[in-house]
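Visitor: Handing you this structure, nothing more for now.
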Amino acid sequence: NDKVQSLSYAHHTRQLISCGADGGIVVWNMDVERQETPEWLDSDSCQKCDQPFFWNFKQMWDSKKIGLRQHHCRKCGKAVCGKCSSKRSSIPLMGFEFEVRVCDSCHESITDEERAPTATFHDSKHNIVHVHFDATRGWLLTSGTDKVIKLWDMTPVVS
């Protein structure tokens, strides 16, 4: 869930392999039909509770309230405050395999089926900087910041 360092694509299975600085190896199923993420909406106040954001001096003065930080719901795109977006959820069909901020009403609407992962996650136990996938053998070669080269049999995962 850290910064992606290297990518490799398995053409024969239509899977993308990403490796991160945290040692994570993620195998993405590219056949899954994903939804486009919404555009983030602009607003001077929370689109759920109408509390002003910190740059909205007029509304802060009129309501005698301190402004809040603006966040965006990754599911609906609305501009919301922290109180109205206190939940996090994965939304794999939108490309969010890891939990992201969502507004409370969207969190309630996301089903367990919608949270089902479309990728598999593996721990390499070293910080990967480069990866190469040999599709003919099903081998994944990783090299890390620890100067260790590892060879993985990926046939159980990429097939």
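Keep in mind that glycine also has a Cβ here, set from the backbone N, Cα and C atoms.
Just lifted these from TrEMBL, have a look:
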DOMAIN    40-111  domain 'FYVE-type'
REPEAT    1-38  repeat 'WD'
REPEAT    121-154  repeat 'WD'
Visitor: Are there residues at least 6 beyond the ends of the repeat 'WD' (121-154) whose Cβ is under 8 Å from a Cβ of it, and what are they?
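Guide: Residues packing against the repeat 'WD' (121-154) from afar: 5-12, 17, 19-27, 97.
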Visitor: Using DSSP, break the domain 'FYVE-type' (40-111) down into helix, strand and coil residues and give each count.
Guide: 19 helix, 20 strand, 33 coil
Visitor: By a Cβ-Cβ criterion of under 8 Å, what residues six or more beyond either terminus of the repeat 'WD' (1-38) are in contact with it?
Guide: 74-77, 92-95, 97-98, 118-133, 135, 140, 142, 144-145, 152, 154, 157-159
Visitor: Under the DSSP assignment, what numbers of helix, strand and coil residues are found in the repeat 'WD' (1-38)?
Guide: 0 helix, 19 strand, 19 coil
Visitor: Within the repeat 'WD' (121-154), count helix residues (DSSP H, G, I), strand residues (E, B) and coil residues, in that order.
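Guide: Going through the repeat 'WD' (121-154) residue by residue, I get 0 helix, 21 strand, 13 coil.
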